[in-house]
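Chemist: Relevant sequence annotations retrieved from TrEMBL are reproduced here:
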DOMAIN    20-265  domain 'MacB-like periplasmic core'
DOMAIN    311-428  domain 'ABC3 transporter permease C-terminal'
DOMAIN    456-632  domain 'MacB-like periplasmic core'
DOMAIN    699-812  domain 'ABC3 transporter permease C-terminal'
TRANSMEM  21-43  transmembrane segment
TRANSMEM  308-327  transmembrane segment
TRANSMEM  356-379  transmembrane segment
TRANSMEM  399-418  transmembrane segment
TRANSMEM  450-469  transmembrane segment
TRANSMEM  699-721  transmembrane segment
TRANSMEM  748-767  transmembrane segment
TRANSMEM  782-805  transmembrane segment
Amino acid sequence: MFKNYFKTAFRSLTRNRNYTIINIAGLAVGIAVCMMIFIIIQYQTSFDDFHAKKDRVYRVLTESHHADAGNITYAKNVPFPMPANLKTAFPQLEQVAPVYASHNDELQVLDDNGTPVKNFKEQSGVFYTSPSFFNMFNFPLLAGSYESLKDPNNVLLTKEIAENYFGDWKSAVGKTIKIRGYYSMGAGLFQFPATALKVSGILATIPANTDFQLKLVVAWGTDFTGDKEYGFEQPQWNQSAPDFGCYVLLPPNISVDNFNQQLSAFAQKMATADNKDNYILQPISAVHYDGAAGNYSNKTISHELINVLWLIAAFILLIACVNFINLSTAQAVTRAKEVGVRKVLGSNKFQLQIQFIIETFLIVTIAVILAAVITLIALPYVNKLLELSLSFNILNNPSIILFLLAVTIVVTALAGFYPSIVLSRFNPVNALKSKLTVNTTKGISLRRGLVVFQFIIAQALIIGTLVIIQQMNYFMNQPLGFDKDAIVNVPYRPDSTGGKLTDYLKQQLLSNGVQSVSFNSNSPLEDNNNMFTTFKFDNAIKDADFQAISKFVDNDYVSTYKLQLVAGKNLKPSGYTQEFLVNESFVKSLGLKKPEDILGKEISIMNGLIKCPVVGVVKDFNDRSLRQSLAPLLMATNSTMYRQASIKLSTTNITSSMQSIKKIWEQTFPNYVYEYRFLDEKIDSFYKQENQLSQLYKIFAAIAIFLSCLGLYGLASFMAVQKIKEVGIRKVLGATSGSIVYLFSKEFIILIAIAFAIATPLAWYFMNKWLQDYVYRIDISWWLFAAGGLVAIIIALATISYQAIKAAIANPVKSLRTE
């Protein structure tokens, strides 16, 4: 019996080829979008989920209470003494591991005689930790031992890094490399001499779905991590580094809430006049979603965004199902005689419903297969857009099969149930006499409602996309307060010669067509402008109640970046710290009324090691992403803290200037890997997530409009069949083709207007909520909503014009000859 159902269903689909193709195409696109969103969310929610002890692993967060009541922030870095003190104070902890993620490390591969043969530079991926880390996290070894990290100057390499450094990872164990690292602490940037490391093990390939993207793992106690005077073994609780963290493994019988209470009591005991922070544990499962505290990969995703993606997937799948319903019911009248014959021959309602459900199942099954093909083709482009490593591997990811089965069942039920009811209830006598009317085929109100629903989603996505694009344009065109054009930043080794090296390099560069050069710790606007420091102002006993960002810059920094002095003078040339520049926000934070009021006042930083007067005030400029407000800023000279040269190029000879810069660098630093980055490119990268979101919204909005238009086409087809005699009579009575087109278009414009009226407040609410995350933001203008509605109307009219014109030019004799 079921064989006959399938055979009959296949014949019916073949006979109604055009409707079948449109149904399959709509469902395939909708299911493909749903499947890709499922794969993205599955990947994002799998971060660090593969660790066997993940339910008991926590990181320690620093909870800071600021001067303005109620303002609490959380940071992933902790004071240097934290790990050692936790071991002593809480012996019940199974494991405690210090973790420091280093950046911009210089590495050399040595031959058997200790001679450097290769130079490398790792921007990230160098971690300092102890064996306890691997007792919490599962990163398998291919060779060697985790216990080797008990001894300083040992290092574990990943398989890929070992192959890059030595060619064959199997021969890397026992070899020697040298590392020269830097770390920032408070206002300072510290460099230790190059240290020889023995390769004591090889780690297997690190999974993409972890926030620990390890490349080299250096034993804790090596160079600055073991230094008690300037490094990480300092006993002061007010000293830390931005990427210095602590992870613990709780025993099974201790709850995190109970331990957090003990940790708060511990924090009160350790509190000092300069540090009254609290500390709490955060589950490892929450790290990937914490954009505020961040993580070591600098890639997070919010729960809100995941929920939005789920909603978009659900809505697009619903739109696809609505299309099927509209097209199927539009086709119902043309299949009336078929239903009448089946009923006369003895088919009951249930059998007819089964027949039409099987037709739906066949269409959905074909659509699912086509959706899988679309996903396979589109996934590489999605990976490139979102910088992910997603895969459509059914063998390694059986949940995809379960998802496809679930989608097949749900879509068959959603899309097939209502049309099967409509078709099976036809009166056989009326069906055979072709006397079905609008009243006979009830449900046009539902179909209109479904079209409204589709266009609510489509217009909301269009408006949301326009808002995001407008916000991005605002970011890109917002005055930053400094010059960013034709400035290239070239990292280099800090100058320990009191400024002689920077003077030499500056002389060499200026003689090779460069307009200006500044040596500094970082640019005016960078994602790592987080070197906040405590300070004492005007001989005060206690630290000020706020911290300031510190930058170390030479006297050419102001002119190179075209910063504006609003009071005082520029820094004088010096390799050491003798004067301070501050910004307007610094003056305002101190409660001073005029910039001139701070001139001559002394500021003390780094526990009194540096104490100098303020000589000038610069106009505020954006020092961080436009998501954040301006921060108080301190600038001073100190050549040992410089880590890059900011070079202003002439736009007429950029290529030759870049060649000259490279030559000078390679001659001056023969064992240093030359690299560079233009400042405007770096600034653009700050808004990568917004750009990715904008691209996704454009794609989803386009798909929603496409699917909604298929739904419109279905309703237009239905109306063309239902009104065929009405149109014929109107034409006989003298109606023009234009009036017939208007007859069709009027109703659709009303439906889209209703959808627009509902979509507008919804879009305004959610996009306004999204914009609240940005300090600098646009006001949502009325024209964004008008543009969204206009786009929807134009596309909709273009869609229905085919059916409207076809009905308007049809011969009325054909529609009236049976009357």
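From the backbone N, Cα and C atoms, a Cβ is placed for every residue, glycine too.
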Chemist: Return the average pLDDT for the domain 'ABC3 transporter permease C-terminal' (311-428) as a whole number.
Modeler: 78
Chemist: With pairs closer than 6 in sequence left out, are the transmembrane segment (21-43) and the transmembrane segment (399-418) joined by 3 or more CB pairs under 8 Å?
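Modeler: Yes, the transmembrane segment (399-418) and the transmembrane segment (21-43) are in contact.
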Chemist: Under DSSP, the domain 'ABC3 transporter permease C-terminal' (699-812) has how many residues in helix, strand and coil?
Modeler: 96 helix, 0 strand, 18 coil
Chemist: State the non-local partners of the transmembrane segment (782-805) in its own chain: residues 6+ outside its ends, Cβ under 8 Å from one of its Cβ atoms.
Modeler: 455, 458-459, 462-463, 466-467, 470, 705, 708-709, 712-713, 716-717, 719-720, 737, 740-741, 743-745, 748-749, 752-753, 755-756, 759-760, 763-764
Chemist: Please give the sequence-distant neighbours of the transmembrane segment (308-327): residues at least 6 beyond its ends with Cβ less than 8 Å from one of its Cβ atoms.
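Modeler: Cβ under 8 Å, 6 or more out: 19, 22-23, 26-27, 29-31, 33-34, 37-38, 40-41, 360, 363, 407, 411, 414-416, 418-419, 447, 450-451, 453-454, 457-458, 461, 700, 703-704, 707-708, 710-711, 713-715, 717-718.
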